[in-house]
Amino acid sequence: MAEQVLPQALYLSNMRKAVKIRERTPEDIFKPTNGIIHHFKTMHRYTLEMFRTCQFCPQFREIIHKALIDKNIQASLESQKKLNWCREVRKLVALKTNGDGNCLMHATSQYMWGVQDTDLVLRKALFSTLKETDTRNFKFRWQLESLKSQEFVETGLCYDTRNWNDEWDNLIKMASTDTPMARSGLQYNSLEEIHIFVLCNILRRPIIVISDKMLRSLESGSNFAPLKVGGIYLPLHWPAQECYRYPIVLGYDSHHFVPLVTLKDSGPEIRAVPLVNRDRGRFEDLKVHFLTDPENEMKEKLLKEYLMVIEIPVQGWDHGTTHLINAAKLDEANLPKEINLVDDYFELVQHEYKKWQENSEQGRSEMHAQNPMESSLPQLSLMDVKCETPNCPFFMSVNTQPLCHECSERRQKNQNKLPKLNSKPGPEGLPGMALGASRGEAYEPLAWNPEEPTGGPHSAPPTAPSPFLFSETTAMKCRSPGCPFTLNVQHNGFCERCHNARQLHASHAADHTRHLDPGKCQACLQDVTRTFNGICSTCFKRTTAEASSSLSTSLPPSCHQRSKSDPSQLVRSPSPHSCHRAGNDAPAGCLSQAARTPGDRTGTSKCRKAGCMYFGTPENKGFCTLCFIEYRENKHLVAASGKASPTASRFQNTIPCLGRECGTLGSTMFEGYCQKCFIEAQNQRFHEAKRTEEQLRSSQRRDVPRTTQSTSRPKCARASCKNILACRSEELCMECQHPNPRMGPGAHRGEPAPEDPPKQRCWAPACDHFGNAKCNGYCNECFQFKQMYG
């Protein structure tokens with residue numbers, strides 16, 4: 001079995017590399033003779049990262065986790081909201097370490113190199129530092145920390161010099177490797193906070209310990225005593241320029257240390273660890289250990305010097321609030337290939353996975369041969385991809401892909417009935433047309449009906465999402481546009497804040513399950529600025545491209561087949577009802593994007609269309625002017641589609657939008673632009689007009705003297721002509737001296753000619769239309785736009 005074949009530690013995958021690491025580690029320690037602390041030269045800069053496991057099936061993934069991950073500590077820290085509580089940063093996993101009393105060194109060594117400190121290299125370096133170097137600074141910091149502790153403050157305990165020296169000598173003995181009589185029956189004595197502080201100075205690298213604040217009972221969960229080990233340990237005995245600023249992250253629970261490592265290529269989250277705890281309705285900074293009083297006043301500065309501190313947004317406790325918290329950036333995997341044990345373990349896992357798959361397939365085939373009527377454990381054949389049936393909550397299987405077991409059985413039943421129904425020759429017996437359907441109603445593709453009873457789910461239960469949904473590759477941002485938070489699969493792809501906001505808005509509607517958002521495509525559920533019969537331009541282009549193949553099979557074109565490999569679509573729950581219908585049976589809500597009533601927007605005067613920045617009016621049914629034009633256009637098309645053929649509802653002679661880098665379709669109603677680009681162009685035109693309005697007025701003022709001066713010049717003698725004479729000696733202008741030959745025979749020079757003054761361009765910049773006096777020099781369109789939005 002794979003459980004027995006997979007090694008229980010990383011170093012067991014390649015013993016040669018493990019030996020090479022153990023040889024290099026002691027050689028890298030530098031021990032000065034002038035009293036300076038012992039320290040590593042280069043090997044303290046390495047960092048381990050775990051490989052991805054989402055490509056394996058859930059059963060084999062569980063085998064990997066059982067071999068390498070300490071599930072008890074991980075679950076304990078996560079349940080206490082100390083680990084992985086922030087969705088904006090990458091998830092950390094706890095690797096197993098030996099519980100022999102040297103777990104602090106095991107965890108630190110494994111975080112950097114992938115091997116445990118079985119040779120006691122780190123423990124010997126710690127002991128030699130405490131014995132052979134100047135430790136007065138360490139002792140002074142330890143005394144300050146002890147005096148501030150709860151034992152001294154609450155009990156009023158006072159130590160004299162002899163007591164302090166005895167306690168310090170005891171701490172040095174605890175770090176020794178020669179401990180035949182260790183406490184608690186362990187091979188080595190457990191270490192304390194001061195040992196972590198000395199260790200981070202030996203490594204010249206910060207250490208962050210994630211731990212609970214209280215020691216709790218394993219049975220009742222009651223508090224025993226406060227825990228002080230959690231917090232930040234900075235290498236304060238070194239200048240920040242000589243330290244490695246990426247911290248080592250350890251977890252501590254039940255008197256045991258484990259390394260907390262990130263997963264390689266795990267998703268879009270930030271590779272960082274929060275420097276705060278979320279507890280009791282507030283964010284509390286992690287404690288920075290062993291600071292002197294002057295250093296405590298400049299704690300923020302020290303953190304930014306020794307760590308790469310960044311700010312990340314997190315959701316506040318109150319609804320709609322956002323907080324910026326500090327987080328320390330984590331290092332990525334940088335082990336050289338000759339000492340990288342993760343790559344070797346991953347190759348071994350891939351090899352064992354192939355063997356495990358072959359054994360599983362062979363076992364299923366033998367079981368099916370013994371009892372053909374019995375299904376061969378369909379749960380073991382589940383894949384991490386949703387069933388292709390619209391709105392089906394189950395996952396597809398290896399044997400029934402691209403459908404789940406339920407939909408596959410229903411399709412087989414329907415196919416068995418089709419030959420009987422379609423036995424008639426001629427048009428009535430076309431495949432894909434169901435007899436007994438209403439006129440013009442085509443055969444509907446298989447869709448999930450939540451009301452249909454099933455005899456027990458052979459697939460994954462809909463109330464328990466697949467572990468794949470929580471894996472590292474599905475970590476995506478919230479579906480709400482502009483929201484910086486990470487989604488929660490339990491909230492239908494939204495973060496907690498946006499989900500609560502949607503719940504509040506949905507409570508005002510009587511039947512929100514049938515409520516369609518005109519700002520969303522009904523096929524791919526994406527937020528769009530313009531829809532065509534309820535679908536976005538991308539899905540519309542796809543349906544028109546598939547029109548020929550759809551007509552050949554007499555099936556209605558499906559709106560949009562979602563990609564099976566797109567993880568963002570896996571976490572989005574489809575609409576409770578299907579919109580894939582055709583003909584007269586199509587509900588108006590699925591074809592139109594304007595099914596809302598003004599009562600749904602009570603308390604606000606914003607436009608009814610989602611994402612529109614303008615305000616609506618009661619005359620336009622709650623829409624702004626532009627959205628109301630689009631609403632009337634789509635409503636007219638919906639009314640006409642009921643009388644036309646199924647293919648008549650498609651738009652003909654569509655043109656792409658004239659906007660730059662815009663892939664949507666344009667509309668003649670918006671001068672060839674889509675609605676979004678039209679609004680942007682009008683806004684730009686309006687701002688340019690507003691910006692240059694003063695310049696235009698000043699130019700008009702300058703033109704006034706010129707016109708008054710020109711009026712003093714002699715005009716044409718003809719009463720109907722207002723032209724200015726080119727020469728003072730003449731009585732008629734050049735136009736009257738040479739009449740237009742195209743004048744009709746009934747016209748003569750004595751008749752007054754119609755006035756046709758020269759036209760003037762619109763005052764708005766970049767406008768090709770002509771202005772008029774009624775609109776103050778603007779064209780009708782720009783003047784109306786200026787009246788509406790100016």
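Cβ coordinates are placed from backbone N, Cα and C, and glycine is handled just like the others.
Summarising the annotation, Swiss-Prot assigns N-acetylalanine to ALA2 and lists similarity to another entry as the type of evidence. Taken from Swiss-Prot, the feature region 'Interaction with TNIP1' covers 369-775, and the record attributes it to similarity to another entry. Here Swiss-Prot flags 386-453 as region 'Interaction with RIPK1'. The Zn(2+) 1 binding site annotation in Swiss-Prot covers CYS387, CYS392, CYS404, CYS407 and rests on sequence analysis. Annotation comment: Swiss-Prot describes SER459, SER575, SER645 as phosphoserine. Residues or ranges marked as Zn(2+) 3 binding site by Swiss-Prot on the basis of sequence analysis: CYS521, CYS524, CYS536, CYS539. Positions annotated as region 'Sufficient for inhibitory activity of TNF-induced NF-kappa-B activity' by Swiss-Prot: 606-790.
Structural mapping of features recorded in Swiss-Prot.
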residue : record                : CB count, 10 Å
CYS387  : Zn(2+) 1 binding site : 26
CYS392  : Zn(2+) 1 binding site : 22
CYS404  : Zn(2+) 1 binding site : 28
CYS407  : Zn(2+) 1 binding site : 21
CYS521  : Zn(2+) 3 binding site : 22
CYS536  : Zn(2+) 3 binding site : 26
CYS539  : Zn(2+) 3 binding site : 23
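For the pair CYS404 (Zn(2+) 1 binding site) and CYS536 (Zn(2+) 3 binding site), the C-alpha distance works out to 28 angstrom. Taking the C-alpha positions, the distance from CYS521 (Zn(2+) 3 binding site) to CYS392 (Zn(2+) 1 binding site) comes to 19 Å. CYS392 (Zn(2+) 1 binding site) sits 23 Å from CYS536 (Zn(2+) 3 binding site), taking the C-alpha atoms as the reference points.
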